[in-house]
Amino acid sequence: MSYKIFVTGGCRSGKSDYAQGLADRIGKKKVYLATSQALDDEMRARIKSHQEKRGPEWETCEEPIEVVDALKKLAPETDVIMLDCMTLWTTNCLLAEMSDEEILQRANALAQAFVACPVSVVIVSNEVGLGIVPDNKLARRFRDLAGAVNQKIAAAADDVILSVSGIPVAIKGSLPKI
Amino acid sequence: MSYKIFVTGGCRSGKSDYAQGLADRIGKKKVYLATSQALDDEMRARIKSHQEKRGPEWETCEEPIEVVDALKKLAPETDVIMLDCMTLWTTNCLLAEMSDEEILQRANALAQAFVACPVSVVIVSNEVGLGIVPDNKLARRFRDLAGAVNQKIAAAADDVILSVSGIPVAIKGSLPKI
Amino acid sequence: MSYKIFVTGGCRSGKSDYAQGLADRIGKKKVYLATSQALDDEMRARIKSHQEKRGPEWETCEEPIEVVDALKKLAPETDVIMLDCMTLWTTNCLLAEMSDEEILQRANALAQAFVACPVSVVIVSNEVGLGIVPDNKLARRFRDLAGAVNQKIAAAADDVILSVSGIPVAIKGSLPKI
């Protein structure tokens, strides 16, 4: 049986810790598929500290944009893939100067690859649309896209978990009993 | 039987689509009561594209502020009215230089008209108060008012639905089974 | 029996009113433990108006930072303490130039004092992490800390209530039936 779980929530709402705890219970061979990149020393140190926290059972793969290919490539060698996170992926697509149409098409392709993946996948994202409309045009575009991307991944997931103040709340399916 | 439903959520959380799907199942004669206005060509094009997406069974009525009068006027000729949305209505009231007291009184009157309306009404709003306190004083005033207005409409509704990443979550009453 | 309840939500989501209603039903001798301070006339007027709204059964205690000491001092003389709120407490700690480590240690100490308190305690906080990442570095630090603090208090609480548009939603435990 493979799990297809989407974990979303605000900043520091406990979503990554919850997602990682799920993955730890799902399987032994685990890949952390990071959309962040070690571009400078500070970032490298931060990523290293996160890796050590996850422990040696976790492999790390950095892929800022081509996450569909990464899922396909990683699946045969692993039990569970944790993709963290969609909002940074959306930012990376914007920085690569993709159009809204291309980003949404890629989100559709990811939703399909998520469903089709032969192993368990836990995807993490942020809710960024519950504050005041930002003044900045690019921030508004990002906010719209991040919301649209979340909808596509949530629609494809079996279970959708909203993390609030560290409390996981099942808003689709149920809290996975693993 | 008439439904009194309040659908709220963040930006691009799927709330308007969900509300429209409810209205489509509630009745045949449907009015989209828009608080937005076609003030320029871009807005006109956007409104037209939304109208075409809703389909020919939907009539559209634009009313930025006097939504109580609009509900009363539209009810006799329709099965269901979708009022979209309260946050833009609050903005319109602020732009018309109303005091907080007047805006809250009008929100009370709308809550009463919502309950009293002989046909089904679905009201859409945004949650805008879950980010950082804005620097801008007007934005803080808007945020306070938008929250207070939402409370009044939610208190009057039979069902309150929070949409998160496109997933409707019943937080009062239940997901309408229509 | 003592209640340990955490009430969180956005700005003007009805969380303080809900928390106060709980406290009113829990006991007779009630203390409102405010992290806000009457630093100017406007603030003094606002605090006075809130006091009058709560009624004469409520005592008010202002303590911007040393809330652990306050809980211990107040408990013997009271039935229920309402601590309002953690986000302002976090702000006060930042203004006092504490490090992140110190703030988080103090939050741990508060979580322990909350659990150990012999009388009922209702703690109120804000969700501030569901908007766009703020440009401002201090705002990002505040947002991260506020989220981490909320997680610690929520983990210690028996019941965690998220207030949305004035609707209380139990996300841990249940809506207290008092």
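Don't overthink the numbers, they just go from 1 along the chain as shown.
Including glycine, each Cβ sits where the backbone N, Cα and C put it.
All TrEMBL annotations are machine predictions without curation.
What you are looking at is a predicted structure, and each value in this text was computed from that prediction instead of being measured.
When secondary structure is read from DSSP and collapsed to three states, C:His50 (active site, GMP-histidine intermediate) falls in the helix class. Among the features that TrEMBL reports, active site, GMP-histidine intermediate is placed at C:His50.
The C-beta environment of C:Gly9 (GTP binding site), restricted to residues of the same chain at least 6 apart in sequence and closer than 8 Å, consists of C:Lys15, C:Asn126, C:Glu127, C:Leu162, C:Ser163, C:Val164. Annotation comment: TrEMBL describes C:Gly9, C:Gly10, C:Cys11, C:Arg12, C:Ser13, C:Gly14, C:Lys15, C:Ser16, C:Ala34, C:Thr35, C:Ser36, C:Glu62, C:Asp84 as GTP binding site.
Considering other CB atoms within 10 Å as the measure, the emptiest surroundings among the binding-site residues C:Ser13, C:Ser36 are those of C:Ser36.
When secondary structure is read from DSSP and collapsed to three states, C:Ser13 (GTP binding site) falls in the coil class. In sequence order, the binding-site residues near chain B, meaning those of C:Cys11, C:Ser13, C:Ala34, C:Ser36, C:Asp84 whose CB lies under 8 Å from a CB of that chain, are C:Cys11, C:Ser13.
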